[in-house]
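> Here it is, the structure in full.
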Amino acid sequence: MITTRHRSPSSRPLHMAAARTRRVLASREGPASRLRMTAAPTRHIRVIAALLIAVAFTATACADGTGDRAEGTSNPVDSTSTRAEGTSDRADSTVYVNLGDSYSAGTGVRPLVEDSPFQCQRSSLNFAHVLAQRRGLALDDVSCAGATTSDFFAAQYFGVGPQLDALGDGTRFVTLMIGGNDGDIFSGTIRDCGDVAAENPSGSPCRARYGDTFVERVRERTYPDVVRALRAVGERAPHARVLVVGYPWILPPTTGCYPTMRVAAGDVAYIRDLQSTLNDTVARATAATGGTFVDMSAVSEGHDACQPEGTRWIEPQVGSSAPVTVHPNAAGQRAIADEVGAALAR
């Protein structure tokens, strides 16, 4: 049975929570945005920026009223039990803690966890909840859409405290997906690739514009950021086994599916290389800090966003009914849970 303990801003009127979310979305519009709205295939979709982590809500969600709902009340699911934030033994008594960004939170998969922060878009069907249910673990899921490694150490939003605060001596398992939002390097570069795709859909406008810049920046910035975060996890939870999950493939190896995914044909392999660099960087950081890296690359091959419904694990930008695109669907989250469970058994 899952026991969840959520980090919800209880002192704030519910309508203020939704209003603040709209202000956050508006204020973060632009190249540095980590939280974005996605809708129809226009230039303002900010396409692949959602790619690995950054997107949180969609115009669809706002249109159907979810943007005005209280935190965590968009299609909520009851938790077995909850504990008020601030309870002194909270971290010490939690067996399993899930950290990380929107891929870890399961953003886009309904229903949301009841009473969880609306901004975090935390799904009750994310891989951590699936795994905890299968294994009967007491889970504290503090993952949050748009999170970077800096949000491990400081509050991401009002009422959404540092993720590391969930850890303690009693923590035995930690899972996380992180790195894609740091410095807006990967998510920002991918977003910009989507913006230029329309200029030359059959060419490689993104490679021509950015070249090796991304690879150099992710190695110089993302690697030390992830190492710092993972070392802190080990210090806060000294008895825990830490499993860091890689990001499943967004695109196929060579042939894309423009405009279903707004990546120019010649840039598909380029985007794959970028994602591979990110995953390799996170894997190296995991090895350097004594954790276990759960590689999703092999198992997710053939389940990218260009595949048909029922086969794909990632929802495409066009032709999907999901409230958030370019993120894992429920099948993708279950697949991640399978791989994490297999890693735990080894």
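The backbone N, Cα and C atoms fix where each Cβ goes, and this holds for glycine too.
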> In TrEMBL, CYS206 is paired in a disulfide bond with which of CYS193, CYS257?
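Recorded disulfide partner of CYS206 in TrEMBL: CYS193.
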> In TrEMBL, which of the ranges 1-32, 289-320 has the region 'Disordered' annotation?
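Region 'Disordered', as annotated by TrEMBL, spans 1-32.
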> Sorted by position, what residues of the same chain at least six away from CYS306 (disulfide bond) have a C-beta under 8 A from it?
LEU251, PRO252, THR255, GLY256, CYS257, THR260, MET261, ARG312, PRO316
> Within 10 Å of the Cβ of SER102 (active site, nucleophile), how many other Cβ atoms can you find? Include all protein chains, please.
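If we count other Cβ atoms within 10 Å of SER102 (active site, nucleophile), we arrive at 34.
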> Taking the Cα of SER102 (active site, nucleophile) as the centre, which of the recorded positions listed as CYS120, CYS144, CYS206, HIS327 lie within 10 Å of it?
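Cα filter at 10 Å returns CYS120, CYS144, HIS327.
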> Quick one: among the disulfide-bonded residues CYS120, CYS257, which has the most Cβ atoms sitting within 10 Å of its own Cβ?
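Comparing the disulfide-bonded residues CYS120, CYS257, the most crowded Cβ belongs to CYS120.
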> Can you count the other CB atoms that lie within 10 A of the CB of CYS144 (disulfide bond)?
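For CYS144 (disulfide bond), the count of other Cβ atoms within 10 Å is 26.
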> Determine, to the nearest whole angstrom, how far the Cα atom of CYS120 (disulfide bond) is from the Cα atom of HIS327 (active site).
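Roughly 14 Å, rounded to the nearest whole number.
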